[in-house]
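For reference, TrEMBL has these:
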type     : residues         : note
BINDING  : H403, H408, E448 : Fe cation binding site
COMPBIAS : 107-117          : compositional bias 'Basic and acidic residues'
COMPBIAS : 118-127          : compositional bias 'Acidic residues'
DOMAIN   : 224-570          : domain 'Biopterin-dependent aromatic amino acid hydroxylase family profile'
REGION   : 105-127          : region 'Disordered'
Amino acid sequence: MMAVAAAQKNREMFAIKKSYSIENGYPSRRRSLVDDARFETIVVKQTKQTVLDEARAKANDSSLECTILQAQEQHQQEDKIPQEVQQTVEDQNDDEEEIRMVAVDELPQKPQEHVPSADDEDKETDAGLTEEEVVLQNAASESPEAEKEVVRAAVVVRLRDGMGSLGRILKAVEAYHGTVVHLESRQSRSEGVQFDVLVKVDMARANLLQLIRSLRQTQSFGSVSLLSENNVNVKAPWFPKHASELDNCNHLMTKYEPDLDMNHPGFADQVYRARRKEIAEIAFAYRYGDPIPHIDYTETENKTWAAVFGRVKELMVQHACSEYIAVFRKLEDEKIFVKERLPQLQEMSDFLRKNTGFTLRPAAGLLTARDFLASLAFRIFQSTQYVRHINSPYHTPEPDCIHELLGHMPLLADPSFAQFSQEIGLASLGASDEEIEKLSTVYWFTVEFGLCKEKDEVKAYGAGLLSAYGELLHAISDKPEHRPFEPASTAVQPYQDQEYQPIYYVAESFEDAKEKFRRWVSTMSRPFEVRFNPHTERVEVLDSVDKLETLVSQLNTEVLHLTNAIAKLKQPFC
């Protein structure tokens, strides 16, 4: 647990540390996950590069001193080095590569002046710390105990000279007091390399770093890469494994927007700005398991809701998809949707839980794309509780509770749409920054501004359309271009933030959209699969045979129930 916590802490240092705002040079007509995801990518790259540069510079400054100290310590503790390794060095002193591999007690030689070459450049680059090594080194530097703690890591070594070089890897692991727990080889696709060898080892952190640097000095190896520590991919961003960890997923891209944007309808309204701040602080204080705080909405706020509610109810009969209309009427029947007052998030959350297992969580504003999408994986929708300004009831530059309640909530109570939303969230867990951008774009053109076919007519299911009648009428008209929904092309479609969209994507059905989305997600670079366990509210990483066997057993039980149900339905009436 200590090792996992250390790894998580080091991954978090690469996380976004800035807020998205007008001050950062991103003015737009409306805020969206698409722009936010792009901004996240830029900031994370800048932060990550700064951290890596500092770590590499520090490592270069102290590398010679550390090498001498380690060598002196190893001379004093020769009994800890296997005798057969020392004998190997003596018996094979004609093989300089292997000497560099196993002679861990050799003092550094005085460098000689020579003309730099391309090979020297490669060696210099190889000597620098990779991102994974920075994470590992920072974890080791936490304390002397952390440095000596044995961790499990996967190392990929590319063999230029075939399997004959495998023995050198094993001897080096032994020399650094490690234990090989798994060994696997595959033919390499890299030019000039015959095999890729995956070696999983248990080894002290400090020794692991020395092992990697030692292996890199051997010309027989094309490259040496550290993949993971404690079965957690350090390359992948941290993501929540349990619903309670969403308490750490409340980073805002837009904070108190009226204070920042002169074009915001509430910028000059001091009362409105104070109200927004008050409601935002309530959301910031929320923790997993708490009841959703009750907001006593003012007469003005309820008046704003009534205006939008009446307009949406009028237009939905002709332009909304049948799934939306069915849930909307059900919400009216249960007196959750009434024109006179804004619904409370808690009563809406209870309604969603009964229908699809989705629940709500209060948010202070527009979250980072990664945080928002991660919540969907747990069937949790992070919703704002503040209301747009009364001067602009039919348009808001950022999501407010009217947008959430009228746009998103009805379809989150539809089983097929709820499943699609969760699959987008699951696909985002551990995804790269570039893939988060693509997922955000798919989300934008589907969940926010999606259209679908229904009896040869085009209907709206996107929340941004169903809660903004101006763009709804534009979207279903002949003015924009309607394209069939294909995730691969949708994911890279430029997003328009100043005017209405010139292009909308039309799904044949929710089921068709889900199937296409699943096929597209399978091509993503994430090296593992995840599943959500609804009983534990936990996301499980399917990275071991034991976990897969457990899942297969559960699926077999479900298939048995289905088979029995089919057999009983086929029985004749008594």
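Cβ coordinates come from backbone N, Cα and C, glycine included.
Cβ proximity to the Fe cation site centre (mean Cβ of H403, H408, E448, cutoff 8 Å) flags the following additional same-chain residues: P399, E404, G407, V447, G462, A463, G464, L466, S467.
Other Cβ atoms within 10 Å of the Cβ of H408 (Fe cation binding site), summed over all protein chains shown, number 25. Taking a C-beta cut-off of under 8 angstroms and a sequence separation of 6 or more, E448 (Fe cation binding site) has the following same-chain neighbours: S32, L33, G462, A463, G464, L465. For the domain 'Biopterin-dependent aromatic amino acid hydroxylase family profile' (224-570), the model's pLDDT averages out at 89.
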